[in-house]
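Novice: Below is the structure I would like to discuss, written out as structure tokens.
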Ligand SMILES: Nc1nc(=O)c2c([nH]1)NC[C@@H]1CN(c3ccc(C(=O)N[C@@H](CCC(=O)O)C(=O)O)cc3)C=[N+]21
């Protein structure tokens, strides 16, 4: 019987656990603040940013939403980030990716003060993650760990195949899973667009984490019996429905669920955890900057 892992349920539990941290901060006259910066014409980015701001409202984090025209010069974005770094009411800063082609992504990520970098994308925070002493775990990979934990899937000694090598999911996911730590200690293979015979690799996996951004790339034929399947895909496929698109994962869900011991859906799987772990990192940033001890879940 396949275990359908309910991301919304796990995300709601984590948000409930975060409430006590917010109360501790309030008792110390601290209101955590998260600034989201959007410089994009992409509809998906607007959706995600509004979801993040809504989640902040729900939990009591003060949200600041900044929009910069997609055709503005790069220096306008860099200057705005500099102002946010210096704003005492802002503890977390997230610049929604992707940024426009004319903007240097690395320059943007390095402009965010590492103590405000709630994505965990700043090189200093990537370095701390890879050396096993993370300040901020990137939200989606950390959310995947929370889903595996909730599904009682132990990663120790398991063969994990990550499909995708992005800086925001694949690579940090690999780093978290190889660490000598709880929810780590796995043997990890990272596959990507140049991998030969992908199916041969994924069929060896106890756990498959699909984060390639390719709609329905993984199907039943590519899985071992009782594999655990985590679908990180958030692909918008155009349809003639009212919404104009449907959200499709990197896994062909109806096919994969025939073989998987546990599987996450899209939507309703990893996405909600990305949001919850962003709230987690924002609370951690406020606690660090304001020197308040909180007991994070
Ligand atoms: N600096 C930065 N940090 C990010 O964390 C970041 C980013 N840029 N750029 C884009 C990706 C994507 N991302 C998602 C967040 C929530 C859902 C989510 O909650 N999705 C819902 C469905 C939402 C819908 O209906 O479209 C679900 O899967 O249930 C999905 C994707 C964060 N990202």
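The chain as shown is numbered from 1 upward.
Heads up, the Cβ atoms here are built off N, Cα and C, so glycines get one too.
Note that TrEMBL annotation is computational and uncurated.
TrEMBL lists these features:
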type: DOMAIN; residues: 5-119; note: domain 'Tetrahydrofolate dehydrogenase/cyclohydrolase catalytic'
type: DOMAIN; residues: 138-288; note: domain 'Tetrahydrofolate dehydrogenase/cyclohydrolase NAD(P)-binding'
type: BINDING; residues: 164, 165, 166, 234; note: NADP(+) binding site
Novice: I want to check the contact list for residue 234 (NADP(+) binding site): same chain, sequence separation of six or more, C-beta distance under 8 angstroms. What comes out?
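Specialist: In sequence order, 44, 213, 247, 249, 266, 271 meet the Cβ cut-off.
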Novice: Tell me which residues of the chain lie with their Cβ under 8 angstroms from that of residue 164 (NADP(+) binding site), as long as they are six or more apart in sequence?
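Specialist: Those within reach of residue 164 (NADP(+) binding site), by Cβ under 8 Å and sequence separation of 6 or more, are 170, 190, 191, 192, 210, 211, 212, 213, 232, 250.
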Novice: Test of understanding: give the count of other CB atoms lying within 10 angstroms of the CB of residue 166 (NADP(+) binding site).
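Specialist: Other Cβ atoms found within 10 Å: 17.
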Novice: Considering all pairs of residues in 164, 165, 166, 234, annotated in the record as contacting NADP(+), what is the maximal C-alpha distance expressed in whole angstrom?
Specialist: 15
Novice: Which binding-site residues, if any, among 164, 165, 166, 234 have a Cβ under 6 Å from ligand 1, given in order along the chain?
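Specialist: Within range of ligand 1: 234.
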Novice: With every protein chain in view, how many other Cβ atoms are within 10 Å of the Cβ of residue 165 (NADP(+) binding site)?
Specialist: 18
Novice: In this predicted model, what is the average pLDDT of the domain 'Tetrahydrofolate dehydrogenase/cyclohydrolase NAD(P)-binding' (138-288)?
Specialist: 97
Novice: Could you count the residues of the domain 'Tetrahydrofolate dehydrogenase/cyclohydrolase catalytic' (5-119) that DSSP puts in helix, in strand and in coil?
Specialist: 58 helix, 17 strand, 40 coil
